[in-house]
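A quick write-up on the structure given underneath.
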Amino acid sequence: MAVQRTFSIIKPDAVAKNVIGKIVSRFEEAGLRVVASKMKQLSKAEAEGFYAEHSERGFFGELVAFMTSGPVVVQVLEGENAIVRNRELMGATNPKEAAAGTIRADFAESIDANAVHGSDSEAAAAREIAYFFAATEVTAR
């Protein structure tokens, strides 16, 4: 198995519920290490740029509004098969379909306010990490 890095966002709904620590604990208990992390309030331009691939979709405006509605925690996770492992921990995008014990089943409100984002491929992880972090901000552990 290969050590990978993946990108994660703890979204405004989860930050507002004060469950950041509980979510990070799930990552760490599953063998993922946080190698970069920061809380930030996304600007409209940052959210639009990050989600640019969805710009033509009907939900884009609502997504940008939600992601700018409060602070988020952006982080880089590292570990064996980090991308797949993180996606398993998150659960299905729609929390009603997420398996019991997953982050979204336990902390998400809806398909829109679904607590977390995680990269879905190595290419996406590289792009998303670079969007928020300079190489010097990511520290191997």
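Yeah, the Cβs are placed from backbone N, Cα and C, and that goes for glycine too.
Computed from a predicted structure; not experimentally measured.
Now, the feature entries from Swiss-Prot:
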type     : residues                       : note
ACT_SITE : H117                           : active site, pros-phosphohistidine intermediate
BINDING  : K11, F59, R87, T93, R104, N114 : ATP binding site
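For the binding-site residues T93, N114, the largest tally of other C-beta atoms within 10 A is found at N114.
In the three-state DSSP scheme, T93 (ATP binding site) falls into the coil class.
The separation of the residue listed as 'active site, pros-phosphohistidine intermediate' from T93 (ATP binding site), Cα to Cα, is 9 Å. In this structure, the C-alpha atom of F59 (ATP binding site) lies 16 angstrom from that of H117 (active site, pros-phosphohistidine intermediate). For R87 (ATP binding site), the number of other Cβ atoms no farther than 10 Å from its own Cβ, over all displayed protein chains, is 18. Sequence-distant neighbours of K11 (ATP binding site) (same chain, 6+ residues apart, CB-CB distance under 8 A): F66, M67, V72, A113, N114, A115, V116, H117.
With every protein chain in view, the residue among the recorded positions R104, H117 whose Cβ has the most Cβ partners within 10 Å turns out to be R104.
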